[in-house]
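Undergrad: These came from TrEMBL, pasted as-is:
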BINDING   114, 167, 168, 169, 170, 171, 172, 173, 229  (6S)-NADPHX binding site
BINDING   198-202, 219-228  ATP binding site
DOMAIN    14-293  domain 'YjeF C-terminal'
């Protein structure tokens, strides 16, 4: 196999490029055109994860966010925010049939936040993923969504517009401990799958051309729960915009931009709260950090 090319991300170039991807706010658009995001996840034990993914997607700038969750989680997630559209359907026997009409309306689907490991729910999520692949729906797969792929990478091999967001341990479970083994398994993914490995230095793998784009360090030492969910939600909106802008490498641009963005959120919140920082504090930093880092200041 060809050697992997490690490419350090040039931040000024990335930021300049992403500013061209962010859609300008104009008065002739209607609700939904700036992004409609779906989140598949949420169980009785894990209600925060789908909330953080969905709320970050609309805080970044998507117009609508839908959460498709277990019925036991629905009221709890609704109580967190009236801005989310919550569907208590994942544990229904006809869950896939109920969700299918909604999928047609959404630009990007996030599969996994707070999904849990209940076999029947995982089966439903797997069927939804298959449906997304059959209909060419762009997806971001995180958390328990990645658990689905541990023995079933073939679900996404050869597909288009698929983004995986594993942390270091999830990456090893998916691709193995050995670097050569990982390269070989990733080579099977095809040209349409991109992998964002989260860590001190996030890495964005483009398997089909043996490239890994290394992000600089950032954020802080505070690693509270929920930050990965903020990443998957913001990434979904960034991905939607990159696809709509006809950017030639939409997954790569969105992955690098969201990696940079979430570390900036962490750093900004850490300045205020230190080791007391919570994921909800990072959500509150989204407007200012986005304005500083990404907003195109050209006249409207």
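A Cβ is built for glycine as well, from the same backbone N, Cα and C atoms used for every other residue.
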Undergrad: Report the mean pLDDT of the predicted model across the domain 'YjeF C-terminal' (14-293), rounded to a whole number.
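TA: In the predicted model, the domain 'YjeF C-terminal' (14-293) has a mean pLDDT of 95.
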Undergrad: Can you tell which of 114, 226, 228 has the least company, meaning the fewest other C-beta atoms within 10 angstroms of its C-beta, among these binding-site residues?
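TA: Checked 114, 226, 228; of these binding-site residues, fewest Cβ neighbours within 10 Å: 226.
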Undergrad: Taking 10 A as the limit, how many CB atoms besides its own sit near the CB of residue 198 (ATP binding site)?
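TA: Excluding its own Cβ, residue 198 (ATP binding site) sees 20 Cβ atoms within 10 Å.
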Undergrad: For residue 168 ((6S)-NADPHX binding site), which of these binding-site residues sit within 10 Å, Cα to Cα: 222, 226, 228?
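TA: Final answer: none.
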Undergrad: Just checking, which of 170, 202, 229 (binding-site residues) has the fewest C-beta atoms within 10 Å of its C-beta?
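TA: Comparing Cβ neighbour counts within 10 Å for the binding-site residues 170, 202, 229 gives 170.
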Undergrad: Would you give the longest CA-CA distance, in whole angstrom, between residues of 114, 167, 168, 169, 170, 171, 172, 173, 229, the set recorded as binding (6S)-NADPHX?
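TA: About 20 Å separates the two most distant Cα atoms.
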Undergrad: Expressed to the nearest Å, what is the distance separating residue 172 ((6S)-NADPHX binding site) and residue 198 (ATP binding site) at their Cα atoms?
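TA: The separation of the Cα atoms works out to 12 Å.
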Undergrad: Which of the binding-site residues 114, 170, 229 has its Cα closest in space to the Cα of residue 198 (ATP binding site)?
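TA: Comparing Cα positions, the closest of these binding-site residues turns out to be 170.
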Undergrad: List the Cα distance (Å, whole number) between residue 170 ((6S)-NADPHX binding site) and residue 228 (ATP binding site).
TA: 12
Undergrad: Please work out the number of neighbouring Cβ atoms within 10 Å of the Cβ of residue 200 (ATP binding site), leaving out its own Cβ.
TA: 12
Undergrad: Cβ-Cβ under 8 Å from residue 220 (ATP binding site), same chain, 6 or more residues apart: which ones?
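TA: Result: 266, 267, 270, 277.
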Undergrad: For each of 172, 222, count the other CB atoms within 10 A of its CB; which of these binding-site residues has the top count?
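TA: Its Cβ has the most other Cβ atoms within 10 Å: 222.
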Undergrad: Using a 10 Å radius around each Cβ and counting other Cβ atoms from all shown chains, which of the binding-site residues 168, 224 yields the largest count?
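TA: Selected residue: 224.
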Undergrad: What's the CA to CA span in angstrom from residue 202 (ATP binding site) over to residue 114 ((6S)-NADPHX binding site)?
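TA: Their Cα atoms are separated by 22 Å.
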Undergrad: About how far apart, in whole Å, are the alpha carbons (Cα) of residue 228 (ATP binding site) and residue 114 ((6S)-NADPHX binding site)?
TA: 11
